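Pasting a structure here, questions to come.
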Amino acid sequence: MTILNHTLGFPRVGLRRELKKAQESYWAGNSTREELLAVGRELRARHWDQQKQAGIDLLPVGDFAWYDHVLTTSLLLGNVPARHQNKDGSVDIDTLFRIGRGRAPTGEPAAAAEMTKWFNTNYHYMVPEFVKGQQFKLTWTQLLEEVDEALALGHNVKPVLLGPVTWLWLGKVKGEQFDRLSLLNDILPVYQQVLAELEKRGIEWVQIDEPALVLELPQAWLDAYKPAYDALQGQVKLLLTTYFEGVTPNLDTITALPVQGLHVDLVHGKDGVAELHKRLPSDWLLSAGLINGRNVWRADLTEKYAQIKDIVGKRDLWVASSCSLLHSPIDLSVETRLDAEVKSWFAFALQKCHELALLRDALNSGDTAALAEWSAPIQARRHSTRVHNPAVEKRLAAITAQDSQRANVYEVRAEAQRARFKLPAWPTTTIGSFPQTTEIRTLRLDFKKGNLDANNYRTGIAEHIKQAIVEQERLGLDVLVHGEAERNDMVEYFGEHLDGFVFTQNGWVQSYGSRCVKPPIVIGDVSRPAPITVEWAKYAQSLTDKPVKGMLTGPVTILCWSFPREDVSRETIAKQIALALRDEVADLEAAGIGIIQIDEPALREGLPLRRSDWDAYLQWGVEAFRINAAVAKDDTQIHTHMCYCEFNDIMDSIAALDADVITIETSRSDMELLESFEEFDYPNEIGPGVYDIHSPNVPSVEWIEALLKKAAKRIPAERLWVNPDCGLKTRGWPETRAALANMVQAAQNLRRG
């Protein structure tokens, strides 16, 4: 029984973000569709070759996506919302882009599909939309074309397909409500057709992703798996693929399915290898997800070997990444600025492929010398002074309950804040960032490269902040922001100013569409050596009589959007960050900043996948936020911002944050998120986002007014704020001015009644 290795997927964007650049060039009309398609072909060929050269046996095909793999699956099935359809009924790449971003070089603009987090990761998918009576057919053959490409290049191909039950689980019913699970029998013939086409091409194994099987699914959904896979059996071998958690609670459902193999995430799940071996059918292949696809740390291969060695020779076995390497940067070798000690602790996607090759070879030969050599830096890290800071650990141990309590309750604070700020009804504000123009990015880049001295850099940033204040005053906004011209990314910026973080030059990972982020890496105990945001906030406030918000990224979001340490708990990291940012709140307040926003867009996405594990996470997540904020005086107004959230199931925790104002993303969901706040009788102030900043479309005054009136039916108008869904960093100034002017006009109309 020779052991093989494989990856569940590979990063799509390219080492230099070639896909992002090609997408944005095409969207802007600066390149042709053929040029865009050529970039995709080149990236796929390169990535297959890189994996092969790194020692991967079975190459994933179908993991590439022009925007998002869930959206690719929707198009495969012919699931195109009516508003995005071509007049002749055809589907092309512009159809895909209209669904993802609301517009494309061809076709009429229309509201983009809803976007939300992919399980508990920082990747976003486009939510499939279902309507009663809709029909499905094989429409978008990207998977088959890419399989043909890979076969023509001589590769050993393992197609990747999002499974039917998970795809339905991820979607939402629009219009007249019905059970979306009732669509399962309608989509299975398309899956059968795809599998038949793959069989014709000589494919032996298909990786069919059903990550919903790690969730606490309703019984009806669990029961749907058997008839679904009965319908799909017999054409090619199916590797049922799960990730992000273990499968033990649903193993009885899984073992009844007519598949030939199971992939299990042995990094994030608690499944024991011996128990899996005992309970899986003896003729099934086990794909062991031993290498963490979601982090950047070098694996302790001696430990991984010990974890799996007892079943070697007892069943067919593959070793694999825990999940797709989509969530990891591509190549550590191009990082020239990391110091050698720290660099030796990491492994990016290509290095993880090498780890899989080392592990496969050791399991096949029994020779573990190479594993011990690879794992040596991990032992050294455990004792490094770069990791441990006794002062931070002492401060963390001394936290008391009082450290997470504001001095008075919201009602008392609100009175003090009303007296201080005297804001009108329907107060208008933005979420924080303004367009990151070419001039701003060039300014930062020149400074970073040493082509610009500190004085000229600061003069340039000050000018952009001044422009942002002037623009906001001209528009008539009530609470202003400084625009964040000095910030490259809301998490990276703070990480750069906190001890305990390191950064990469090219450690890009895809967030959604063409949006890429370069997450900081937490390597040690976190502390704040000096104030971070105070200088620019104070300068912005000096330019206006209106209040200017101080802008912080909250501790849970910094944790969730960074690559965390693996040697301490996430709770420990979050509370260390909270203590560092608590000092920042105190310094902002002392500098005269009266409104401080602590963004926590990632609070919900950090939830464990199983509801039974939620309480512990929410307890420390809320406590971290409160430690961060509780130092503020009564007349300092604390805002928080959250996006891509469904709130129903965590309303107790949202209220427990005790923020004076919460702003949320609601426009894509047509204000339906406010239902949670209404039913809960949320006591504090709320700013429901009135337009979608992810789309370049400008909302009309009437549209915004209608949304606000809808909001006022659920939340008393005196507690409503008016704001966009999210920061405006990715937008251009023309559409930003137009949208904000309409937003302010809508608020003024409502004030007049």
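Positions of Cβ are set from backbone N, Cα and C atoms, glycine also.
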Do you know which of D310, D316, D599 Swiss-Prot groups with I431, G432, S433, E484 in the L-homocysteine site?
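Checking D310, D316, D599 against Swiss-Prot: the L-homocysteine site match is D599.
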For the 5-methyltetrahydropteroyltri-L-glutamate site that Swiss-Prot assigns to R17, E18, L19, K20, R515, C516, W561, E605, which of the candidates K87, K117, K422 is also assigned?
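For 5-methyltetrahydropteroyltri-L-glutamate, Swiss-Prot names R17, E18, L19, K20, R515, C516, W561, E605; of K87, K117, K422, the listed one is K117.
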Relative to the Cβ of C643 (Zn(2+) binding site), which residues of the same chain, six or more apart in sequence, are found under 8 Å away?
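Listed in sequence order, they are P601, I664, E665, G689, D725, C726.
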Between the Cα atoms of D599 (L-methionine binding site) and E605 (5-methyltetrahydropteroyltri-L-glutamate binding site), find the distance and write it as a whole number of Å.
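Each residue's Cα considered, D599 (L-methionine binding site) and E605 (5-methyltetrahydropteroyltri-L-glutamate binding site) end up 14 Å apart.
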Would you mind pulling the longest C-alpha to C-alpha span across I431, G432, S433, E484, D599, which the record has binding L-homocysteine, in angstrom?
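Those residues reach a largest Cα separation of 14 Å.
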When you look at R17, E18, L19, K20, K117, R515, C516, W561, E605, which the record names as binding 5-methyltetrahydropteroyltri-L-glutamate, what is the longest CA to CA distance in angstrom?
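Spelled out: the longest distance between any two Cα atoms in R17, E18, L19, K20, K117, R515, C516, W561, E605 is 28 Å.
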Taking Cα atoms as reference points, rank the binding-site residues R17, L19, K117, H641 by distance from E484 (L-methionine binding site) and give the first.
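Nearest listed residue in space: H641.
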Going by DSSP, is H641 (Zn(2+) binding site) part of a helix, a strand, or coil?
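For H641 (Zn(2+) binding site) - judged by DSSP and reduced to three states - the answer is strand.
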Select the closest residue to H641 (Zn(2+) binding site) from the following binding-site residues, measuring between CA atoms: R17, I431, G432, S433, E605.
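Nearest by Cα distance to H641 (Zn(2+) binding site): I431.
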With H, G and I counted as helix, E and B as strand and the rest as coil, say where DSSP puts E665 (Zn(2+) binding site).
coil
So, in DSSP terms, is L19 (5-methyltetrahydropteroyltri-L-glutamate binding site) helix, strand, or coil?
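The three-state answer is helix.
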Which of L19, I431, C516, C726 has the fewest nearby Cβ atoms, counting only those within 10 Å, among these binding-site residues?
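Selected from the binding-site residues L19, I431, C516, C726 on minimum Cβ neighbours within 10 Å: C516.
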